[in-house]
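Listed in TrEMBL for this protein:
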type	residues	note
TRANSMEM	17-36	transmembrane segment
BINDING	F125, A126, I127, Y130, D215, V216, D217	UDP-N-acetyl-alpha-D-galactosamine binding site
BINDING	D215, D217	Mn(2+) binding site
ACT_SITE	E307	active site, nucleophile
Amino acid sequence: MAQQLSPGTMLKKGRPCLVFGFTVTVGMFTAVYVFHSNRTLVSVPKYTTPNPEPAPIQREEVAVRIDSYSTSLRYPQPKSLMSPRSDVMTVTPWLAPVVWDGTFDSSIIDSLYQPQNLRIGTTVFAIGKYTRFIKGFLETAEKHFLVGYKVNYYIFTDKPEDVPSVALGPQRNLSVITVSKFFRWQEISMRRMERILNTIEERLLKEVDYLYCLDVDMLFHNHWGAEVLSTLVAAIHPGYYKNPREEFPYERRPASQAYVPWDQGDFYYAGAMIGGLIENVRALTRTCHQAILIDKQNNIEAAWQEESHLNKYFLQHKPTKLLSPEYLWDDTKPKLPEIHFIRFSTVLKNYAEVRENV
Ligand SMILES: [Mn+2]
């Protein structure tokens, strides 16, 4: 049977509840008051910390936001029903952009990448007589290659005394990495992956955000800017962009790690440019180096050495951005109508004279 409580008992039991409720209410008002007035009710010395300023981070964020509104960019509206180029492929079937003139607006690209304060590494190999190409490469890179960005050049050479001094712009640095010489040019090419990988692991992971590995026997002729930045970047070889895949000079012997069957392949990519986020270039160089070592054990050398292994890698790990042949041209070819700008191109040279033991 339920116990009946007299009104007196209820009052007695309810009193502590009322007192508690009153205390909570007063406490809440006090807390709100203290929060808003930034004052203490009891006499505790104000600002016992040496710095009485409120945290500055919030104010900086607000300032940046107002600033970016007031200086927002003006540019032509992107047109949903119009492709920027009708004569070339601008996106791959795996939705990676192919960078051609007309597909990007540098002012928008720079407004996205400049505030990130990115560090971009560039490796070049100048072994033997190839040191003669360093000067032209660097001088033209200073005019066209990621101008306005923080760039570290890493020059791998067996002749550090032959590296010319070239005036570099602000935030641009150069490191010389001395390496031993191999005699066959094929061997020089094969060792490149190993050396880039070792240098990435020794220092580049700490020094750069992106890495672009370029051939040194090249010159920049036009803008080669932040539109090239992406997770994993390949350049379409200027010699094969119109050819069917069966004509690509892939390694066709199944015994090689670089083997690509006749009915496979997207593009033929050039070995003269590998790029992307440092971790992705590390994974690429590690895989290619291991594949080259396995081939060596099996006494097989891929048709185009590291370029063959690179093409196998990009077939299995699709690049997130592709550079059109504007970004890697060959001066022995006539300029064609789809090429609006030659941005970076081979130096005409006598291979028999500069290559060791051809
Ligand atoms: Mn080359």
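For all residues, glycine too, the Cβ spot is worked out from N, Cα and C.
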**OP:** Just the recorded positions from A126, D215, E307 whose C-beta lies under 6 Å from any atom of ligand 1, please, or none if there are none.
**Re:** D215
Original post:
Near F125 (UDP-N-acetyl-alpha-D-galactosamine binding site), how many other Cβ atoms are within 10 Å of its Cβ?
Top reply: 23
**OP:** Sort out the sequence-distant neighbours of D215 (UDP-N-acetyl-alpha-D-galactosamine binding site) for me: same chain, 6+ apart, CB within less than 8 Å of its CB, listed by position.
**Re:** V124, F125, G271, A272, M273, T346
Original post:
Can you name the residues of this chain that are 6 or more positions from D217 (UDP-N-acetyl-alpha-D-galactosamine binding site) yet have a C-beta less than 8 Å from its C-beta?
Top reply: Y130, F133, F137, T346, V347, K349, V354
Original post:
What is the maximum Cα to Cα distance, in Å and rounded to a whole number, among the residues F125, A126, I127, Y130, D215, V216, D217 annotated as binding UDP-N-acetyl-alpha-D-galactosamine?
Top reply: 11
Original post:
So which other residues, same chain and not among F125, A126, I127, Y130, D215, V216, D217, have a Cβ within 8 Å of the centroid of the Cβ atoms at the UDP-N-acetyl-alpha-D-galactosamine site?
Top reply: V124, T131, F133, I134
**OP:** Give the distance between the Cα atoms of A126 (UDP-N-acetyl-alpha-D-galactosamine binding site) and E307 (active site, nucleophile), rounded to the nearest whole Å.
**Re:** 18
**OP:** Sort Y130 (UDP-N-acetyl-alpha-D-galactosamine binding site) into helix, strand or coil using the DSSP assignment.
**Re:** helix
